[in-house]
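The block underneath contains the structure these notes are about, expressed in structure tokens.
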Amino acid sequence: MAEFRLNNITREQILIVESRSKRPKDFKSAETAEKVKYKDNCPFCVGNEDNTPPEIFRLGSPWEVRVVENKFPILDREGDITGYHYVLIETADHSKGFHEMDEEEIFKVFKSYVEVCKKLYEKDDVKYVQVFKNYKKEAGASLEHPHSQIIAIKKMPDKINNKIRKYRELYFKNSRCLMCKTIEEELQYKERVVYHDEDFIIYCPFASIFPYEMAIAPIKHKSSILNLCDDDIRKFSGSVLKAIFKLNQNIGDVPYNMYLDFIKNENNYYHYEVRLCPRLSINAGFEIATGLYTNIVSPETAAKILRD
Ligand SMILES: [Zn+2]
Ligand SMILES: [Zn+2]
């Protein structure tokens, strides 16, 4: 029996079709690559720095995080729509996934996100910056060495524009940020909450598109990550790490997409968050044709399993 759910902001339509037979262990874990600290032919490994395009940013000496231009950018300074496309090398260790990092290591990754995004937003030809990570081949990663990507674009994408407009509309209607309200309700309802402390909540959103999808958001209203102090970044990255641990422990070392959703300036209606979208099933023909997504694990079941 399918249950229909609608995302009120994006208008995405989701069919929750929970299959009793499908338990976490039934999702095949993607093959785990051999664990090595260094690979000769990897451009992101220590010692091979000359094999990457120009460096934009580095943290630590010797470097612990490095940001370089993408060798195959989807946007550059020419063409109909211009932009910047960077790769953020998260660690010097060729095989260290987020789930194997400690709090200090993931803090450095998030600190670098913030610093690089700040610089990008200072440019005249940048309207929007997106930080994301494709983990494993099945989620779109083309290189093994742990990395994220940052894309800055001259034109605000319509999807983001519409989201901002919708959040603003609802704020003026209800005199309240919708996400602040959602978070308060989720904390009361509890069923979709995976974890929370005083500052952050991890929950499985009501209209999740992906099985075990998680949102990680600050409980106190905030729109941007650009002006977070180190302490705030530490709490933020620590919460994301917690969500990654939960996924790794309870579901496995599975492919996922992670993205940061934030805007440049503070306002009363846009609330920043991180989305973690495990890629255990593939949206195929029907989804592409109709825009109806099928999710075979309800967010309530997902949260119950992830909470452990
Ligand atoms: Zn490497
Ligand atoms: Zn809010």
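Numbers run from 1 along the shown chain.
Including glycine, each Cβ sits where the backbone N, Cα and C put it.
Copied over from TrEMBL:
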BINDING   CYS42, CYS45, HIS94, HIS145  Zn(2+) binding site
DOMAIN    97-301  domain 'DUF4921'
ACT_SITE  HIS147  active site, tele-UMP-histidine intermediate
DSSP-derived class (H/G/I helix, E/B strand, else coil) of the residue listed as 'active site, tele-UMP-histidine intermediate': strand
CYS42, CYS45, HIS94, HIS145 excluded, remaining Cβ within 8 Å of their centroid (Zn(2+)): TYR38, LYS39, PRO43, PHE44, ASN48, SER95, GLU144
Rounded inter-Cα distance in Å - CYS45 (Zn(2+) binding site), HIS147 (active site, tele-UMP-histidine intermediate): 11
For HIS145 (Zn(2+) binding site), the number of other Cβ atoms found within 10 Å of its own Cβ: 21
Among HIS94, HIS147, the most crowded of the recorded positions [Cβ within 10 Å]: HIS147
Spatial separation of CYS42 (Zn(2+) binding site) from the residue listed as 'active site, tele-UMP-histidine intermediate' - C-alpha basis, Å: 12
Number of Cβ atoms other than its own within 10 Å, given for CYS45 (Zn(2+) binding site): 19
